[in-house]
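What follows is one structure encoded as structure tokens, with my remarks underneath.
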């Protein structure tokens, strides 16, 4: 299974903790992430992560293309709903593609834990 991991700046620490908590399970899958999120996960765990560009530089769109090409099976996107994002259209497009292609999507830690408990 290929899992995409994305986290806004204020949610990166939550993503690191999530990756640590589920490191054994995640290590059995192919992981892809936006640039900074992937780097931070690799710096804080033993997980290997293929890094795309940073979200604002097109990383969300790269992962969206993977979703559209049936190349990603699940997306964990820890969003910061209280901070405006300059690349909000890219984020909306990614979320829409997950719905269109019926790719499981978690946008907060609690939903991510529920999904990851089942992988």
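Cβ atoms are placed via backbone N, Cα and C, with glycine included.
The feature active site, proton donor/acceptor is assigned by Swiss-Prot to 60. Positions annotated as substrate binding site by Swiss-Prot, on the basis of sequence analysis: 8, 12, 34, 35, 36, 37, 54, 55, 87. The domain 'MGS-like' annotation in Swiss-Prot covers 1-119.
Sequence features, as recorded in Swiss-Prot, placed on the structure.
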residue: 8; record: substrate binding site; Cβ within 10 Å: 20
residue: 34; record: substrate binding site; Cβ within 10 Å: 26
residue: 36; record: substrate binding site; Cβ within 10 Å: 18
residue: 54; record: substrate binding site; Cβ within 10 Å: 16
residue: 60; record: active site, proton donor/acceptor; Cβ within 10 Å: 27
residue: 87; record: substrate binding site; Cβ within 10 Å: 16
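When the Cα positions of 8, 12, 34, 35, 36, 37, 54, 55, 87 are compared pair by pair, the longest gap among these substrate-binding residues is 17 Å.
Secondary structure of the domain 'MGS-like' (1-119) per DSSP (helix as H, G, I; strand as E, B; remaining residues coil): 61 helix, 19 strand, 39 coil. Confidence over the domain 'MGS-like' (1-119), given as mean pLDDT on the 0 to 100 scale, stands at 96.
If you measure from the Cα atom of the residue listed as 'active site, proton donor/acceptor' to that of residue 34 (substrate binding site), you get 7 Å.
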